[in-house]
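Below is one structure, written out as structure tokens, with a few remarks after it.
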Amino acid sequence: MATTVPVDQTPAPPATGGTLSTRPVHALWLVLLGTPIAYGMTAPTLILPEIAGDAGTSVRSAAWLVTAFGWGIAAGTPLIAGLISRRGVRTALLAGAGTLLAGTLLLCLVPVLPALVVARAAQGVGAAGLTAVAMSLAGSPRRMGMVTAGIAGLGAVGPLAGSELAARWPWQAALALLAVSVAAVPAVARGARDVPAEDSPFDFLGAALLTGFVTASVFVISAPLPAGACLVLVAVLLALRIRRRPDGFVPAALLRSGTFTVLSGLGFLLATGHFTLFYLMPGLLSDAAGWGDGRVGTGILIAQLAGSAGSLALASAAGRLARRTVLGALVALGLAAPALALLGAGPVVLLAASGVAVLAASAAQATLSILSTEALPERRRPAGIGLFNVCYQLGGALGPALAAQFM
């Protein structure tokens, strides 16, 4: 799962400065709170045919459950970050938990495709909120490392665990499991203390336009003409809003930074490539070697864990390497993954492609979020990291939608 990052980075880090802790929240509570987001993204990988059959639709349509979850993460990340910085951790914690539970209940109670898509989007927003809170309270590299290690593990285990749960209970159980993170809310709420942070008025219009931009982007693949027209319109309105309020929800200083825009674009491309290949992998392995779900899940688990370990090694070494070397390695890895997949020379090569893709995407998220914002003023960096991750998570939403076109 490409949300594996080293100790100073997360899949959805908040722009926060208004949170302290009366005493450090135990790291295990933070792990429980923040890591299920990765499981929620990967768990449907092997059970999309079962979901499609139960909902009376095609596998391509069922893949919208994955896209909706990715959209929820991409849209929810900046919204929850703004909520933390202005209303504090407790408010964001309750909002994230409530949204996640509401989505999970809808998922279990109304098994028709439109309701399932809405439910998964709500789960994504809620999971993004809980992960943002967990990262804002980590407080030290060691504790942050525990949380991100949990994200790596659950993301890799997701396909196999989802398949096994769906074999024993209704498939909804596999997607509802991520709600277990809510069990950590009482302990985290007791340990967190909010202090005044930003007192500037919240840019509701800017937030709405950014959410609209993310939404239109997600639909471009399945409905290119209407979604493309909406995307252009929202982009124009967002540009006008940024010009009118340069210190608003999307700071103009970020977009003026060529380094930020280029590296965010690279992160988006690598994330899109990884998630596209991730959701194509079960079918590719089945066609190439006739593997069943259990063997496919085990193979993907091994490849993902190996790629995650490689990404940690690359990210750890990045500080000692020249920027050009790091970027060259990421681009080379990003190109190697689809090249290996196109070779299609048996399951070993396909799994190698999967491992290389997660290595490239995870290392990109860890390193590019730092490189893209290091030249920004200190007060701009949290917003910059948050918007970088919007680009990255948008790739996580578009990847499954793109893969669905080939299923």
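Note that Cβ sites are derived from N, Cα and C of the backbone, with glycine treated the same way.
Copied over from TrEMBL, here are the features:
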{"type": "DOMAIN", "residues": "24-407", "note": "domain 'Major facilitator superfamily (MFS) profile'"}
{"type": "TRANSMEM", "residues": "27-49", "note": "transmembrane segment"}
{"type": "TRANSMEM", "residues": "61-84", "note": "transmembrane segment"}
{"type": "TRANSMEM", "residues": "91-112", "note": "transmembrane segment"}
{"type": "TRANSMEM", "residues": "145-163", "note": "transmembrane segment"}
{"type": "TRANSMEM", "residues": "169-189", "note": "transmembrane segment"}
{"type": "TRANSMEM", "residues": "225-242", "note": "transmembrane segment"}
{"type": "TRANSMEM", "residues": "254-280", "note": "transmembrane segment"}
{"type": "TRANSMEM", "residues": "300-318", "note": "transmembrane segment"}
{"type": "TRANSMEM", "residues": "325-343", "note": "transmembrane segment"}
{"type": "TRANSMEM", "residues": "349-371", "note": "transmembrane segment"}
Intrachain residues whose Cβ lies under 8 Å of the transmembrane segment (254-280), provided they are six or more past its termini: 1-2, 42, 45, 63, 66, 70, 242, 300, 327, 330-331, 334, 337-338, 341, 353-354, 357-358, 360-361, 364-365, 368-369, 371-373, 375-376, 380, 383-384, 387-388, 391-396, 398-400, 402-404, 406-407
Winner by Cβ pairs under 8 Å against the transmembrane segment (300-318), considering only 61-84, 225-242, 325-343, 349-371: 349-371
Selected stretch (most C-beta pairs under 8 A with the transmembrane segment (325-343)) from 169-189, 225-242, 349-371: 349-371
Mean predicted confidence [pLDDT] for the domain 'Major facilitator superfamily (MFS) profile' (24-407): 84
